[in-house]
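J.: Please find one structure pasted underneath; my questions will follow.
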Amino acid sequence: MSWGTELWDQFDNLEKHTQWGIEFAEKYTKFVKERSEIEINYAKQIRNLSKKYQPKKNSREEEESKYTFCRAFLVTLNELNDYAGQHEVIAENLTSQIITELARYLQELKTERKSHFHDGRKAQQQIESSWKQLESCKRRFERDCKEADRAQQYFEKMDADINVTKADVEKARQQAQMRHQMASDSKSDYSAYLQKFNQEQNEHYYTVIPNIFQKLQDMEEKRIERLGVCMKTFADVDRQVLPIVGKCLDGMTKAAESIEPKTDSNQVVESYKSGFEAPGDVEFEDYGQAMKRTVSETSLSNSREGKDKSTSKSKGKLWPFIKNKNKLSLKLGSGPEDFSHLPPEQRRKKLQGKIDELNKDIQKEMDQRDALTKMKDVYIKNPQMGDPTSVDPRLTEIGQTIEKLQSEVQKFEGWLAEVEERMPSKSDTHRRSGLYETQNSTAVSNNCAQNRESPDGSYTEEQNSETQVKATINPPTTSTPDIDDEFDDEETLPTIGTCKALYPFEGHNEGTIAVAEGELLFVIEEDKGDGWTRVRRSEDDEGYVPTSYIEVILETNAKGAMTYI
């Protein structure tokens with residue numbers, strides 16, 4: 001159906017309808033604009049969220065990267081950041097493909113609509129003007145006809161009146177004839193103009209107005225079609241990013257599926273394993289044996305007080321990582337260069353990692369040195385390419401750097417060998433009863449090690465503090481039979497001095513004796529270089545204790561008298 005033929009008399013309604021159509025297009029443009037702003041704000045919030053939960057650049061980040069669930073979360077954050085980028089793409093495409101294009105089209109649409117309705121009003125004014133002229137001709141013809149009738153009647157009256165002169169009758173006749181002529185002319189004009197008006201009116205309603213309305217109809221259909229295209233684009237903009245959004249979601253799913261609980265739980269062991277053994281059984285202390293208590297009271301006046309005090313202290317020393325949190329911690333990332341603040345297992349891993357890192361640096365410097373050497377050879381063979389001596393300063397600098405790095409490697413390898421030597425091996429674990437009985441064969445001979453470690457081989461940040469958490473030493477597996485033989489074959493030995501226990505020692509192994517911190521004992525055999533000193537509490541209570549755990553004061557007349565601290 002055509003607006004020109006069906007709506008020929010609905011000019012005003014068509015004007016209102018087309019104006020409403022433009023307003024609707026403007027409303028849809030505003031809708032898309034607001035949707036674009038929502039997408040931008042959403043993308044911004046998603047990016048801020050991803051940035052907020054990104055791991056900070058510190059030592060903790062290195063620890064977190066070891067766990068699969070932390071790596072999966074990091075992948076999720078990165079994918080979420082890419083996901084936010086797709087929403088920014090949506091906003092950009094909505095702006096460029098819909099908002100900008102639709103705004104430009106609306107300006108053109110308004111101009112076209114204004115032009116069409118201007119033509120329509122002009123045609124309407126023309127037909128109205130013709131109608132007015134037709135009405136004027138009609139009224140003039142009507143007036144002339146009435147005037148002609150009145151003139152005819154007046155002539156007939158004058159002609160019938162015998163008292164009127166012949167001249168007056170003639171005058172009335174001429175007047176009537178003139179009026180009839182005017183009426184006849186008006187009739188001719190009216191008839192001609194009526195024919196003209198009908199022709200114009202026919203052209204107006206069947207040609208001019210239909211053409212204008214058809215243009216308006218075409219304009220409206222194009223507007224509706226354009227809105228349909230924009231609505232389709234609105235959906236396509238989202239559909240275009242779906243593959244990438246799907247990849248982002250697939251990446252999140254894959255990251256979630258990569259989480260391995262067993263691996264993470266094993267990583268906890270790798271991160272926090274100290275290398276110490278669990279404490280052994282606590283010995284029964286029989287306070288009912290009067291002999292031991294009497295001897296202790298008569299020979300050493302403060303032994304009971306020291307025993308009670310040390311017993312209360314030793315109870316808190318079974319677990320070295322609980323009581324003294326400020327001095328010994330499994331927290332990684334800070335401490336001295338040799339990582340002496342860490343437990344053995346963690347220290348070994350840190351030292352090995354440092355050695356690997358230094359070796360990589362050495363290899364990098366060596367590669368650079370090789371490259372410069374080749375460059376120098378090229379310069380020697382082709383002097384025009386460069387001066388060979390210009391490379392020498394850099395080669396010297398690299399050589400010094402390599403020497404420095406190699407010395408660092410040797411230093412860390414020495415520490416690593418020291419740690420591995422102190423760590424218990426699997427072959428002799430059956431000869432140890434607990435955490436507090438591991439031997440440190442180098443506690444006396446290696447002064448460097450004593451400066452960094454407590455006598456028991458524990459790792460603390462403060463040195464030689466009685467309040468530190470300590471782990472005791474085991475005698476070596478080869479020395480236990482010797483101790484047994486000595487106790488079986490030798491007679492009672494004389495005392496050669498006294499000693500004071502600096503740290504508690506449980507003495508679970510055969511041939512050793514348990515001592516409390518601060519307890520005074522008699523020395524009956526000095527250290528022979530194996531790190532053990534033989535002491536006596538009473539005639540029937542003697543044994544070996546670690547030399548590094550006691551302060552020995554030998555009698556001046558004793559052979560080789562000296563003090564061990």
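Cβ coordinates are placed from backbone N, Cα and C, and glycine is handled just like the others.
Any TrEMBL annotation is an automated prediction that lacks curation.
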J.: Using TrEMBL as the reference, determine which range in 12-39, 180-207, 348-375, 376-403 is annotated coiled coil.
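T.: Result: 348-375 is the stretch TrEMBL calls coiled coil.
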J.: What residues in the same chain, six or more past the boundaries of the coiled coil (348-375), come closer than 8 Å to it by Cβ-Cβ distance?
T.: 270, 275, 332, 338-339, 342, 386, 391, 394-395, 398-399, 401-402, 405-406, 408-409, 412-413, 415-416, 419-420, 423
J.: Average pLDDT across the coiled coil (348-375)?
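T.: Mean pLDDT for the coiled coil (348-375): 87.
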